[in-house]
Amino acid sequence: MPSSGHRLRDVEHHPLLAENDSYDSSSSSSSEADVADRVWFIRDGCGMICAVMTWLLVVYADFVVTFVMLLPSKDFWYSVVNGVLFNCLAVLALSSHLRTMLTDPGAVPKGNATKEYMESLQLKPGEVIYKCPKCCCIKPERAHHCSICKRCIRKMDHHCPWVNNCVGEKNQRFFVLFTMYIALSSVHALILCGLQFASCVRGQWTECSDFSPPVTVILLIFLCLESLLFFTFTAVMFGTQIHSICNDETEIERLKSEKPTWERRLRWEGMRSVFGGPPSLLWMNPFVGFRFGRLQTRPRKGGPEFSV
């Protein structure tokens, strides 16, 4: 039990881990530098399927734009400019998706609710701390437990199956970039589809594509539907994420109507805290801060994630 100088709040009244408890906390309490070198990945079947579907849909869109619309075009510069633009947006979108999926969203180390850790916190008399009964960790302020990641996540906004990860303190920036680039590429694809339909109608579907007219129509209609759905979803998510950042309030906190006990970072201050530094083009770059992780597997106990 904690000392009389402070209190430990636990909804399920689980005691602190004692020294002789069987839970091995050493495997999950790595240093910050060690954690920064590892790649995070959640082994969730639904999330992995959704992530693969996302990539396949983007690859399909790139195939239709490149091989159905641009390469058969007689306008060389029209094909080059739009091809480079669309493929750049697709690469940035998929890179942002990877960074979101493979970045630790801000997981709290498991099993750190030990007497030694409590003593190292140097708590003030009467200070209240919270322990998660599910992953046996001391929960920082604004952290929430994710039932899919099996971890408490700092500033957890939500768990997104399309990126197979939680959106939290450390990867929210990449999720915002992912939604933005998908929305932009979807708008670009819709514009190209409209121009392609007009060109095919004027040419009576004779030379507008290397594919037969029925196949071309099916491919274009499916791309239009995909782009419309992707744009609607990602544009809404992008707007809600920017609103949350500017108001320094996560989606969970908004849905639970939690009263802020922290000093809010509003508007540009909130944007700088998420994207880092003053406004610049680096905010749009998903490769900033990227480095290859060490190729060393590290088994984890009691959770679906693994690191390399």
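Just so it is clear, glycine is given a Cβ too, placed from its N, Cα and C backbone atoms.
TrEMBL labels come from automatic prediction, so no person has curated them.
The domain 'Palmitoyltransferase DHHC' (131-257) scores a mean pLDDT of 90 in the predicted structure. Annotated domain 'Palmitoyltransferase DHHC' per TrEMBL: 131-257, in sequence order.
According to TrEMBL, the transmembrane segment annotation covers 48-70 (among others). If you look at the transmembrane segment (48-70), the same-chain residues 6 or more away from its ends with a CB under 8 A from one of its CBs are 78-79, 82-83, 86-87, 90, 93-94, 97, 101, 161-164, 182, 185, 189, 192-193, 196, 209-211, 216, 219-220, 222-223, 226-227, 230.
Sequence annotations record features per position, and here TrEMBL assigns transmembrane segment to 76-94 (among others).
According to TrEMBL, the feature transmembrane segment maps to 174-197 (among others).
Residues or ranges marked as transmembrane segment in TrEMBL: 217-238 (among others).
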Checklist line | Same-chain residue ranges lying at least 6 outside the transmembrane segment (217-238) that approach it to Cβ under 8 Å | finding: 57, 60-61, 64-65, 68-69, 176, 178-180, 182-183, 186-187, 189-190, 193, 196-197, 211
Next item on the list: Count up the helix, strand and coil residues in the domain 'Palmitoyltransferase DHHC' (131-257) according to DSSP, in that order.
Entry: 71 helix, 19 strand, 37 coil
